[in-house]
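A.B. asks: Please see the structure below; I have some questions.
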Amino acid sequence: MNAWNHTNELKFMLMGLTDSKEIQLVLSVLFLLIYLVTVLGNIGMMLVIRLDAQLHTPMYFFLTHLSFLDLSYSTVITPKTLENLMTSIKNISFMGCFIQLYFFVLLAAAECFILSSMAYDRYVAICNPLHYPVIMSTRRSHALIIVSYMIGAMDSSVTVFCLSTLNFCNSKVIHHFFCDTFPILALSCGDTYDAEVTIFILAGSTLLLSLITISSSYVSIISTILRINSSSGKHKAFSTCASHLLGVTVFYGTMIFTYLKPSKSYSLGKDQVASVFYTIVIPMLKPLIYSLRNKEVKSAVIRVVKKREGTQRLK
């Protein structure tokens, strides 16, 4: 049946990660703790950047949006996963499933281009420092953010449209813990070739375009750093890029492993582990990567705490 004609009656069943009650209990506690750390870490990062005037720069403007995206797509996935693990409710409506998929793809695609914008920002800061205030103006920074969200919205709209027009017949069981592209494709009883090709081209273009931007930026950055004579200058330049480069490696590694392959090669075990990593674990790690490996953020936290303590004493 065509899915859009049966939105009121069609429900999917998310099989989750395991049928073992003991493992479900352990995972529910673990994922709840990870989600709480994710919420506190990303909100904390946004608040520190907001409250400390020294972090009101393009790099930290992008980092604010990165924290917002990580918090958002973890929230799109984790609460439903916890409900699945902690209760017997495994059903999700057709509309709920595709809303979850829509926002997940939107946020993940937008993150690709915000990471690209951050790489471009570092390129300008290191390779063209004298022109940095002009090139990375407030207007251009906002434009890069808007374009990132627009590309994400386009990717998610096309993906959801391709999948929602498939025929699902009586297939209702999604062998995954959230509504993702390949598990939904696997449900179709009709020809999925056109949908697969369209989604593959779209996902591939998003990942490759953003990776090309990041790679070309870092090739120029490394070339510039190697020409710096002093070792302290080289170390300082590398340190400004280290946290971003680590975040890019972790994010793109799991995304490429999961999505840049045919749906027939989807492996229930390996791909679920990868999905847990980038939907639940990575959003928790990002604030740690960008704070523990960043002296500016650590200094800003100290300044914010001291400022708050000083305000309380005055009261």
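Just so you know, the numbers here start at 1 and follow the chain as drawn.
In case you wondered, yes, glycine gets a Cβ from its N, Cα and C as well.
Quick paste of what TrEMBL says about this protein:
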TRANSMEM  23-48  transmembrane segment
DOMAIN    41-290  domain 'G-protein coupled receptors family 1 profile'
TRANSMEM  60-79  transmembrane segment
TRANSMEM  99-120  transmembrane segment
TRANSMEM  141-166  transmembrane segment
TRANSMEM  197-226  transmembrane segment
TRANSMEM  238-260  transmembrane segment
TRANSMEM  272-289  transmembrane segment
A.B. asks: Under 8 angstroms for C-beta pairs, at least 3 of them, ignoring pairs fewer than 6 apart in sequence. Is the transmembrane segment (23-48) in contact with the transmembrane segment (272-289) by that rule?
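C.D. replies: They are in contact.
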A.B. asks: Mean pLDDT, the domain 'G-protein coupled receptors family 1 profile' (41-290)?
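C.D. replies: Here the mean pLDDT over the domain 'G-protein coupled receptors family 1 profile' (41-290) amounts to 87.
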A.B. asks: Near the transmembrane segment (272-289), which residues from the same chain, at least 6 beyond its ends, have a CB less than 8 A from one of its CBs?
C.D. replies: 17, 31, 34-35, 37-38, 41-42, 44-45, 66-67, 70-71, 73-74, 77-78, 81, 104, 176-178, 180, 243, 246-247, 250-251, 254-255, 257-258
